[in-house]
Amino acid sequence: MTISPDSVVYFQWGIFSLNATLVFTWVVMAILTLTSWLVTRRISDNPDISRWQNLLEVLVTGIRDQIAQVSHQQPGNYLPFVGTLFLFIAMANLLNVVPGYLAPTGSLSTTTALAICVFIAVPVFGIASKGAGSYLGRYLQPTWFMLPFNIIGEISRTVALAVRLYGNIMSGTVIVGILLSLTPYFFPVVMQLLGLLTGMIQAYIFAVLAMVYIASATSVYEKAEDPDQADTLSSDQ
Amino acid sequence: MDSVSIIGMISVITAGLTIAIGSIGPALAEGRAVAQALSAIAQQPDESATITRTLFVGLAMIESTAIYCFVVTMILIFANPFWDHAIAAAGG
């Protein structure tokens, strides 16, 4: 029983080992890149567009709408990052229907890497939109005493992001593996379908949570520093 | 009983207890969250998109508690560090 695609090693050269996680990550990236390249190569703005361009437009506008609704901001800045996260995780989980494929998201190393991307992106977006002083000041809210707890919160939500995705995908793989040895034929197929549903929901949730974290870093203190609002607040009192 | 059997037995029992107790809380919490969201949608059908999205994110948060228990169970059964140590110490 393999509970992680990390333990499936295809090729070993010295200390470098090429395991299933790496191979299938590259497969997913190749599929995403090739499809996007092939579709956008012959892109047109006629009403008469190809099916693939239609699919891509639906995806991009759908992700833009979701980002705009979650963050209440213009989605343009966040679309590349959040959209890539969603498409990568969704494609990695969707390919589970292919026999012999091991989802790279079922490995803690992949999900940790994705969560670290979010961990870095949050302050980057926050500082880019609010400035370093204003962004770092939020770690001192409500008092300087809360600084260690704010930092712990930042780290623990990154860990939770990684373990959630890993646990969901790994549990699907392990349960299907156990069921295949106990009751083959029909029941594992049902669990596989359930795994597909969970995979898509997890991709959505990972992207939404990343967006929520980024939005909280970029927008919360906009209101507090808004001079008009501060005036109305002080005049109310 | 030798030490490997004891470690194996305790691991399996603990794994069963972990997943059993660990799924009670998230199950109650998810049921409550879904019930509240349904009544909220019933009262305000216009806001169903926002409520559903928030519900999914909240469910994912709750679910991660159960997932932690599952991960601990899997570690106990398939990747138990004490097991490896005992087998190595026994020269197996």
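Placed from the backbone N, Cα and C atoms, the Cβ positions cover glycine too.
TrEMBL lists B:13-76 with the feature domain 'V-ATPase proteolipid subunit C-like'. What TrEMBL lists as site 'Reversibly protonated during proton transport' is B:Glu63. Marked as transmembrane segment by TrEMBL: B:55-79.
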Should anything in the same chain at least six residues away from the transmembrane segment (B:55-79) have a Cβ under 8 Å from its Cβ atoms, list it; otherwise answer none. 11-12, 14-15, 18-19, 21-23, 25-27, 29-30, 33-34, 37
Mean pLDDT, the domain 'V-ATPase proteolipid subunit C-like' (B:13-76)? 90
DSSP composition of the domain 'V-ATPase proteolipid subunit C-like' (B:13-76), residue counts helix/strand/coil, works out to 62 helix, 0 strand, 2 coil
